[in-house]
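Going by TrEMBL, these are the annotated features:
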- ASP118: active site, charge relay system (ACT_SITE)
- HIS187: active site, charge relay system (ACT_SITE)
- SER514: active site, charge relay system (ACT_SITE)
- 9-82: domain 'Inhibitor I9' (DOMAIN)
- 109-558: domain 'Peptidase S8/S53' (DOMAIN)
- 626-726: domain 'Subtilisin-like protease fibronectin type-III' (DOMAIN)
- 169-197: region 'Disordered' (REGION)
Amino acid sequence: MPEHEEYKTYIVHIDHSLKPSSFLTHETWHRAILRSLSKSDKEMLLYSYNHVMHGFSARLTPSQASKIRKSPAHIAIHEEKFGKLFTTHSPQFMGLRHSSGLWNASSYGEGVIIGLIDTGVWPESESFNEKGMPPIPTRWKGKCQNSTTNPFPCNRKLIGAQVFMKGNQAAGKSSSPDDSPRDVFGHGTHTSSTAAGNHVPGASQFGYAKGVAQGIAPGAHVAMYKVTSDGFIAESDVLAAMDQAIVDGVDIMSLSIGFEQTPYFQDVIAIASLSAIGKGIAVVCAAGNDGAPYSTHNAAPWITTVGAGTLDRSFTATVTLGNDLIFEGKSEFPERVVVIDTPLYYGKGDSDKALCSNGALKESEVFGKVVICYSNNTSNIFYQAEELARVNAIAGILVTDVDWSRFGIDGLSIPSLILPSSSGALIKKYVTEAAEEARVKFMRFVLTSFGTKPAPQVADFSSRGPDPINPNILKPDIIAPGVQVLAAFPPLIPIEGMGNYGVATDYALLSGTSMAAPHAAGVTALLKAIHPEWSPAAIRSALMTTANTIDNNRTTLTNQYTNLPGTPLDYGAGHINPNKAMDPGLIYDIDWQGYVDFLCGLGYDDAEMRAILRQSQWTCNQDGTDINYPSFVAMFSKNASAPNVKNFTRVVTNVGDDQSVYQATVEATHGMTIKVEPTTLTFTNKYQKKKFVVSVQMDGKAPPVAYGYLKWVDQNSHVVASPVVVLNT
C-alpha cells in the first residue's frame, strides 16, 4: 500500500450466496476478507449488514477498495457520504379527537412500534412517560443501551434506544466518543415526541394550552436509533441502525434525515427502506428543507415522503396605546412580559432612528421606553431588536410587511411585537399627534391565537418536486404539520438567548420537514393498529387519496412565501387527513414484484439491480416504469408534435363496503384532457380488485406544468382522489 494513502469508510455490497461454508457467519467472512487486505491488526470493519443489504462497511484505502472490486463476490462499493438533518396543537388541527375517529378506533396506536433514526432522545421527558401504556409487545427484540457514565432509563413507552456512530467517529466527524442514546443535539427528542409522545399535562411554554405537545400516536411504543450527536450523519451508521431496527421488530421507521440525491442503487436509505418494505415495515421520511423545485429527498416510490405545512396557530402579543387603540401582532417572545404605562418613542425626522438602524439610537433618548421601528426593503427585524437591546429599550414595535415568522421569530433579543404597515400608519399618526405624551397603556406577551388563515400553507422551506432522480413519480407524497411545532426538547440546550443568559426548556418550537415526517409516521402507526393487514403501500395510498387540497379559506393550498396557489409539485396529494385515511374506500396497493418491475424499467444493469434488491435472481414483468401509484405524472417533450398522450394502468382494491359502485370524475386545467376507461367500477365484495386505464393528453400550447385530478366517488361519500401532473420539458 502506498504510504500516502488515506483510510476512508466504504460501503461494500457483496454476493452473500458466495460465502464459503468454512465461515459460520457472514461477519466472520467479512472480517476474513478485510484481514486478507492488510497485515495490520488495525480494526477495519465497522458494521456487517444482513437485512438492509448484504455486505459491510469498513475503513479502507483506495487501493484496498480496488482489490475488493476484483473479488468474485463484489457487487458494488462506494465511498461513504454524509447527510444532514431535516430540521401541540397539531393533532387537533389534523382532526384527531378523543371521542371519535381514528384515535378512538385505533386505541391511539396501541401495540405498534415506531423506530426513529435520529439524534437520540431525552428519556426523562414527560412525552415518554409510561403511565397508562400497555406491556411491551412480546415480539420486541430490541434493547436499551446504557452508558457507564450516563444512565439511560427505558420503559413501556420508550422501549429501546441504541447508538450507531462508528462511521461518524471513524471519519473524525464526532467531537468525542458517544455511547449514550441520550439526545444532546435537540432533534431526535422532538421527532420522537411528535410521532408518538404521550400527553404532557401543563405544557405551558409560550402559553400553550395543556396537551399541545401530545404525540400523534400516544399509545404506540417508541425505539430510538441514534446516528449522530452533532449533525454529521454517516451512511454506514444509518444502514446499521435500519438493519438493527428490522431485527428488533419495529413496525414503522421514521427518518428525518437525508443524503445527496443519487440513483436508488446508490441511495442507502432507498436500499434499506426497500428491504424494510419487503418485511412489511412502513418507512416514512422527510422530503427535505431545500424549498425549491427538483429538490426532494428520500423519494423512492416505496417510501412515504413528507413535506411540511403550517398550522392554524400563531403566537401573538397585544399593545394598547394611550388613545385606547388596540393592536395584535406576531410575537414569539417566550417570557410573560407585561408593559404598563410606558412612554412610546419614534425617531421622527431621522430615517436611521425611525428604522432603528445599527448604532442610530441613543440610550439617553430611548432608555425605558417602547420603541417603534419601521422597515424599508433592507431592514432586518433581528438587527433592529439587537439595536433596541443595546440601548436598553423596554420593548419594540417592529413594523414590516415581510412575513418574518416563516423564518422563526423566537430569537428576537427583546420583547417585540411585529405589526403590518397598515397598523404602523395608525401608530405613527398617534405618536406624531401626541408627541411627548405618547404612551403605551398596556403591552402583553405570550399569547396564542387559533384559526389563523390561510392554513395549512406549504412551508416555504419544504422541498418541492419534480423529483430530481425520477420525475415520473410525484413527490412529496403528502404534507403534514412542520412549522412552529411544539415538541420535547433536551432541557440542557439553550433554545435562545435572553440578555446574557440562555433560555432552556423541556419543550420548544421547531420547524422543518423533520417535524412533518414524524406526524405522518404517527398517523401511519394509527392506521397500522386499526388495519394490521394493510401493506405499507396500502397505508401510503390511504394517506394520499384522502388528503386535503383545500385550506381553511376553502381555497387551494397556497405557498407560505408567496401566498399564491400551490400545485401538487409543492404538496403532493395534499395535507394529511387522519380520520379520512381510516376509511379510504379504495387503495392502490403495490407488492414486491411491483417494485421489481418499476426498477427493471429504469434500465439498471445486473450489478445495480443486485445492489438494491439484495438477490441475484429476479423477474421483470414489464418494460416501463409505470407503477400502481396513487398519483400520475405524464412527461412530454415540448418539441413533440401535438397531441401528446400518455396512458397509465392502475388496479384498485376495495377496502370499503362489500357492495360499492364508484364513478370516475376528472378535473383538468386548460389544454389538458383526462380520460378514464371504464368510468364505473362495481365491487361485489371487500378486497375485490378492479383495473382501469387513465389517458392524459395535452395540446400543443401546454404550459410547462399542468395538473388536474382523478376522483373515484361512491354512493357512501368515499372520494378517492389522485393528482395528475403534466410536465412539458
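The first residue you see is number 1, and the count goes up from there.
Each residue, glycine too, has its Cβ placed from N, Cα and C.
Separating the Cα atoms of ASP118 (active site, charge relay system) and SER514 (active site, charge relay system) is a whole-number distance of 10 Å.
Broken down with DSSP, the domain 'Inhibitor I9' (9-82) shows 21 helix, 24 strand, 29 coil. Of all the Cβ atoms in the protein chains shown, 32 others lie within 10 Å of the Cβ of SER514 (active site, charge relay system).
Within the model, the domain 'Subtilisin-like protease fibronectin type-III' (626-726) carries an average pLDDT of 92. Its own atom aside, the Cβ of ASP118 (active site, charge relay system) has 29 Cβ atoms within 10 angstroms in the protein chains shown.
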